[in-house]
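Here you go, one structure.
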Amino acid sequence: QLSFAATTPELADKKKYPYFFRTVPSDNAVNPAILKLLKYYQWKRVGTLTQDVQRFSEVRNDLTGVLYGEDIEISDTESFSNDPCTSVKKLKGNDVRIILGQFDEEMAVKVFCCAYDEEMYGSKYQWIIPGWYENLWWESWINSSQCLSRNLLAAMEGYIGVDFEPLSSKRLKTISGRTPEQYEKEYNAKRGDGQSSKFHGYAYDGIWVIAKTLQRAMKYLNATNKHQKIEDFNYTNHKLGKIFLDAMNETNFFGVTGQVVFRNGERMGTIKFTQFQERKEVKVGEYNAVADTLEIINNSIRFQGLEPPKDKTIIQEELRKISLPLYSILSALTILGMIMASAFLFFNIKNRNQKLIKMSSPYMNNLIILGGMLSYASIFLFGLDGSFVSEKTFETLCTVRTWILTVGYTTAFGAMFAKTWRVHAIFKNVKMKKKIIKDQKLLVIVGGMLLIDLCILICWQVVDPLRRTVEKYNMEPDPAGRDISIRPILEHCENTHMTIWLGIVYAYKGLLMLFGCFLAWETRNVSIPALNDSKYIGMSVYNVGIMCIIGAAVSFLTRDQPNVQFCIVALVIIFCSTITLCLVFVPKLITLRTNPDAATQNRRFQFTQNQKKEDSKTSTSVTSVNQASTSRLEGLQSENHRLRMKITELDKDLEEVTMQLQDTPEKTTYIKQNHYQDLNDILSIRNFTDSKDGEKAILKNHLDQNPPAQWGSSDPSRTSKDPIEDINSPEHIQRRLSLQLPILHHAYLPSIGGVDASCASPCVSPSASPRHRHVPPSFRVMVSGL
């Protein structure tokens, strides 16, 4: 039995059909050709989409057997009955890029419509489907789908069809003496207007197969058994049937459809590959089953990308690294900052014996510069990632840069706050005792702050050290247009309890900043510029605090963008370090150039009686402590000496007045003219009492309302009275002065460290400050009455 058109794979079962032959390749014959094509383009991962029809299912099953063991993976096998969209979506979900389809024309239209909706077409996908569809097959079924014609054609563009070759393309003479091309011309001439069949060449070669089989059988019979002839054939003669079977299997000639050879009754024919290009199918290659060779016509296959599609999404991990130009620019800025810090260090060391620099604590200034330079140095380490160093080195840098930045921050601000604390401690000394705080004590304070840092960092390193972690982000298309997907990865320095450790560090640094703000506020009113850095400390804390908050927030939000994150971190460190160093040293440099003496002198030397206002003086060094305390003590001693001299003079005047009054009443005019002003001077000495302004106001109001009477005159209203009753008579004056002068003497002495108003005799209190003594209101009235 010989067929020229039956392609169903079911007929290949030799147990059921042992005597069946066909000159046309079966549908399964395309599977070896597909295998060859997959190997040619190195596609090792495919998926199948099959219509639920026995014909297509058998081809799919045979294909699975062919691909098995050939190092080609069938990653997904999908089948459908009527709606292929669900299966197409699953194929996409499994990242199937090479799809082997088995379905008829009607389902093919639906499949490509679904492929268009799922965007499973173009440069990233390759469809391989049966090639035996009729010409312009999609036009017959486009109306049955909900897909637009242009969308369908867009999804179909580039698919590869696989089918047997109707006629050989070789220009060789066949067994009939004609070439395939000559045969086709003769066939078309005789066919006329009749419909063409693509099986006509196989029918023609089938006649030659039968003829050659009979010829070989006759020769065999003539050579082996002269008594049996071919005419004696019958269907019960198994011996003759075996002769025919062997003769058929020996068939081997070149026909119009190519080399005609059978293997287990199956035609080993030629399979052609066509590609849908611009609304037409173009032959791009052929597979010779006999020689097991694949021939691709040069430059005939047009892939929609720059290269054939990949069999899966090629994920290329790409490290997001810091841009080298950005790193270079920020490193240059950092170097400039370090040069500036070195210049400040040179200035501080060179002028360390200058009074201005001595009072500003040069050793603490050196620590501030050292902390700033450490902060600058950390920028170089923050910019080193996997593109510059190995993974092990990067993990080490995670720890080193954290330590350097933390220690640098504490060193700079710890030294600044330590010397401010010294000024605060000295100027808060209410008892005015000489207090010396040496640099060694300040170094101990800074060392204590650093010790806290070291404890935190060591615990961090031992309990939960920083490790290199890689964070993977969503895939991105290749910027160069290649058929690959870029998966960005980013290196981080993290550990298990990162939030807890950062919270501890931030809390400690925040408390340090608050302590600095408190000291700056407490010492804001110290009037010696060389000592008072409170304004600059406040500005530094403000700038550093704001920049750190903003920098931390922006850095967290841009952690997937290393260039932006590094730029923000580096600029924050550069800005904070530069601003801090400039605020500390630039004013000193300017002052030293312009007026160095003014910066070391007190702009105002006065005591206020309000205890709350005395709690504001500023920072100093060991040298500044001695000079400030000595200057203050000298001023107090000078003022005390002047007041004592004034007391002596007034005591003499009082004694003279008393003696004159006791001597003669007529000398009251002398008193009036020469000592009235001295009495007012006695009242005005009380410059340092708490009620200075109030007393002056009371005295002034009293004098305005009751001006001193002319001791030699009499009130007109009393002209008719007896002179003895006159209140301004010498007797009355003498009597009043004899009572009021001792009271007056006791009243003003307490204001300058003399007799306490509550004592009957002078009672000096050495430990009490003069401004803590108060005059009872009754004495004030009596003095004012005088």
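For all residues, glycine too, the Cβ spot is worked out from N, Cα and C.
Take a look at what TrEMBL says about it:
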COMPBIAS  618-632  compositional bias 'Polar residues'
COMPBIAS  707-717  compositional bias 'Polar residues'
DOMAIN    326-608  domain 'G-protein coupled receptors family 3 profile'
REGION    608-638  region 'Disordered'
REGION    704-726  region 'Disordered'
TRANSMEM  324-347  transmembrane segment
TRANSMEM  367-388  transmembrane segment
TRANSMEM  400-421  transmembrane segment
TRANSMEM  442-463  transmembrane segment
TRANSMEM  500-521  transmembrane segment
TRANSMEM  541-557  transmembrane segment
TRANSMEM  563-586  transmembrane segment
Could you give the residue numbers and ranges of same-chain residues that sit at least 6 residues beyond the transmembrane segment (563-586) on either side and whose C-beta is under 8 angstroms from one of its C-beta atoms?
322-323, 326-327, 330, 333-334, 337, 340-341, 344, 347-348, 365, 368-369, 372, 375-376, 378-379, 382-383, 405, 412-413, 416, 533, 536-537, 539-540, 543-544, 547-548, 550-551, 554-555
Give the one range among 324-347, 400-421, 500-521 whose Cβ atoms make the most pairs under 8 Å with those of the transmembrane segment (442-463).
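Per the Cβ count, the answer is 400-421.
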Below 8 angstroms Cβ to Cβ, which residues of this chain, lying six or more residues outside the transmembrane segment (367-388), approach it?
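Contacts with the transmembrane segment (367-388): 319, 321-322, 327, 330-331, 334, 337-338, 341-342, 344-345, 348, 394, 397, 400-401, 404-405, 407-416, 446, 491, 562, 566, 569-570, 573-574, 576-577, 580-581, 584.
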